[in-house]
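One structure, as structure tokens, below. Some questions next.
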Amino acid sequence: MNIVDSNCTIWHKARNSKFRHIVWPIRSYELTKFIPMTLLMFFILLNQNLVRSIKDSFVVTLISSEVLSFIKLWGEMPMGVLFVILYSKLCNIMTTEQVFRIITSTFLFFFAIFGFILFPYKEFFHPNPELINQYIIVLPHLKWFLIIWGQWSLVLFYIMGELWPVIVFTLLYWQLANKITKVEEAPRFYSFFTLFGQTNLLFSGTVIIYFAKSEHFLLPLFAHLNDTNEILLKSFITVILISGLICLALHKLIDKSVVEADKNIKFKNQRTDILKLSLLESAKIILTSRYLGFICLLVMSYSMSINLIEGLWMSKVKQLYPATKDFISYHGEVLFWTGVLTLVSAFLGSSLIRIYGWFWGAIITPIMMFVAGVMFFSFTIFEQHLGNIVNTLGYSSPLVIIVFIGGLWHVFAKSVKYSLFDATKEMVYIPLDNEIKTKGKAAVDVMGAKIGKSIGAIIQFISFSIFPNAVHNDIAGLLMVTFIIVCILWLYGVKVLSQNYNKMIKR
């Protein structure tokens, strides 16, 4: 009996030890909420990574990296604005759970249409390439708009692929997480949501590399096809649709087991979370909120800094890997190593936020982004002077080391974003009231990201419009100066927001 009591005492002490709270702060009774939310994040991010790899690889190799800035400015920004309007109106007539399922299903439907109809029959749906070339000769300053018109379905897929992480993950998923997570649970839950959800980076990176090879298990379904790009696309879309259906099933489970249980309400039409304020009333609250303004600054800074480097990096990757299959395989390798570093930084980040507070968790992302970004720009600008360094390191050309540093920047930028930026950004919404938390979050997350990308895209848009034959290398110096300014503003925004957040928590 004494042995049993002794074992129970040891087990009780172990469960309540400081070490246990650091390594695994989730309680057993919280697992019914924690596990479904973690799995939902995993499959949403799996689709995000697969779609991102497809859209980047296909657009860059089949069109050009220079066209990306035009798509972000004239495609993503208008679509982001329209979505905020649509989303706010849907929230006034539906529950947020219904909005999640409708929007996610719409994305999946479009991906299926593109993969199995629009791309395979692009010659039928797209204008004649010779006609596009004739217009470019006559209107050289509209060159990139004409190229977009000539590949409109691929461009639309790129836009929808860019909106998936912003809308489905950043807005809808985290809105659900904020809704069912208590303030005292957030520091423990959010970093571990990321820790387990982001393991899909390892999985999706492996999946991408696997499908980029000549042999995979879906190949017999598409054995009759001759176009390797079409086979690649249909294989990925099949996986995306399966993953999307799992997301819908998990969301339904969370809706029934967690949301309904928390509210203890039997009928959906009795829910209290349906928002009745108008879009104009919501906009007034958002625009007059200094607190939301600084959250928006953080989102804009991250999006803009990524946009300033991304096009230049992809142009270098295309030079090294001109074939779509090789390009997407490289993308898979970068994703895999992003996953490795994300898991490490998410584990450390959870302890960092709990021990040192929100500020230190939030400041790491801009610091890492700045250091890695400046390295990449410097090596790119001085590419012609890297001969001795390249020979010393044993590389065949400066391009190889530049692509390596660009990949390193991407790994660092994305890993700290996934593990720290997302978690700390979502924590600052929790003290807000329901109106700001829902509609304010929609405006900040969607508009902030799109405006940030658009500002970076404007610089590139103007450059490529005035000089139609220019490429990313020609404007690398301008991009670097802008990048440094953005990072400085980002650091300032973190400092001010930290002060405001701590005041609201104390209240």
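Placed from the backbone N, Cα and C atoms, the Cβ positions cover glycine too.
Below, the features straight out of Swiss-Prot:
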- 31-51: transmembrane segment (TRANSMEM)
- 67-87: transmembrane segment (TRANSMEM)
- 99-119: transmembrane segment (TRANSMEM)
- 130-150: transmembrane segment (TRANSMEM)
- 154-174: transmembrane segment (TRANSMEM)
- 192-212: transmembrane segment (TRANSMEM)
- 231-251: transmembrane segment (TRANSMEM)
- 292-312: transmembrane segment (TRANSMEM)
- 357-377: transmembrane segment (TRANSMEM)
- 393-413: transmembrane segment (TRANSMEM)
- 451-471: transmembrane segment (TRANSMEM)
- 474-494: transmembrane segment (TRANSMEM)
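Relative to the rest of the structure, where do these features sit?
Residues 111, 161, 164-165, 168-169, 173, 176-177, 180-181, 189, 192-194, 196-201, 203-205, 207-208, 236, 239-240, 243-244, 246-247, 250-251, 253-254, 257-258, 335 of the same chain lie 6+ residues outside the transmembrane segment (31-51) yet bring a C-beta within less than 8 angstroms of a C-beta in it.
Distant neighbours of the transmembrane segment (67-87): 59-60, 99, 103, 144-145, 147-148, 155-156, 158-159, 162-163, 166-167, 171, 279, 307, 310-311, 314, 442-443, 446-447, 449-451, 453-454, 456-461, 464; these residues of the same chain sit at least 6 beyond its ends, with a Cβ under 8 Å from one of its Cβ atoms.
Residues 51, 87, 90-91, 125, 153-154, 156-157, 160, 163-164, 167-168, 172, 176, 230, 233-234, 236-238, 240-241, 244-245, 247-248, 251-252 of the same chain, all 6+ positions outside the transmembrane segment (99-119), place their C-beta atoms under 8 angstroms from a C-beta of that stretch.
Residues of the same chain lying 6 or more positions beyond the ends of the transmembrane segment (154-174) and with a Cβ under 8 Å from any Cβ of it are 40-41, 44-45, 47-48, 51-52, 54-55, 58-59, 62-63, 67, 71-72, 75-76, 79-80, 83, 87, 96, 99-100, 103-104, 107, 110-111, 114, 118-119, 122, 148, 422, 426, 429, 441-442, 445-446, 449-450.
Sequence-distant contacts of the transmembrane segment (231-251), counting only residues of its own chain at least 6 positions beyond either end whose CB sits under 8 Å from a CB of the stretch, comprise 36, 39-40, 43-44, 46-47, 50-51, 53-54, 58, 97, 100-101, 104-105, 107-108, 111-112, 114-116, 119-120, 176, 207, 211-212, 216, 218-219, 221-222, 225, 324-325, 328.
Within the chain, the transmembrane segment (357-377) has long-range Cβ neighbours (under 8 A, six or more residues past its boundaries) at 298, 301-302, 305, 308-309, 312-313, 349, 402, 405-406, 408-409, 412-413, 416-417, 420-421, 423-425, 427-428, 476, 479-480, 483-484, 487, 490-491, 494-495, 497-498, 501-502.
Among residues of the same chain six or more beyond the transmembrane segment (474-494), those with a C-beta under 8 A of the stretch's C-beta atoms are 294, 297-298, 301-302, 304-305, 308-309, 312, 359, 362-363, 366-367, 369-370, 373-374, 377-378, 380-381, 456, 459-460, 463, 467.
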Are there residues at least six beyond either end of the transmembrane segment (130-150) with Cβ under 8 Å to its Cβ atoms? List them, or say none.
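Same-chain contacts beyond the ends: 63-64, 66-67, 70-71, 74-75, 464-466, 468.
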With Cβ distances under 8 Å as the criterion, find the stretch in 192-212, 292-312, 393-413 that has the most pairs with the transmembrane segment (451-471).
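It is 292-312, which has the most Cβ pairs under 8 Å.
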For the transmembrane segment (292-312), could you work out the same-chain residues 6 or more beyond its ends whose Cβ comes under 8 Å from its Cβ atoms?
65-66, 68-69, 72, 286, 362, 365-366, 369, 373, 376-377, 380, 406, 409, 413, 417, 421, 425, 428-429, 436, 440, 443-445, 447-453, 455-457, 459-460, 472-473, 476, 479, 482-483, 486-487, 489-490, 493-494, 496-497, 500
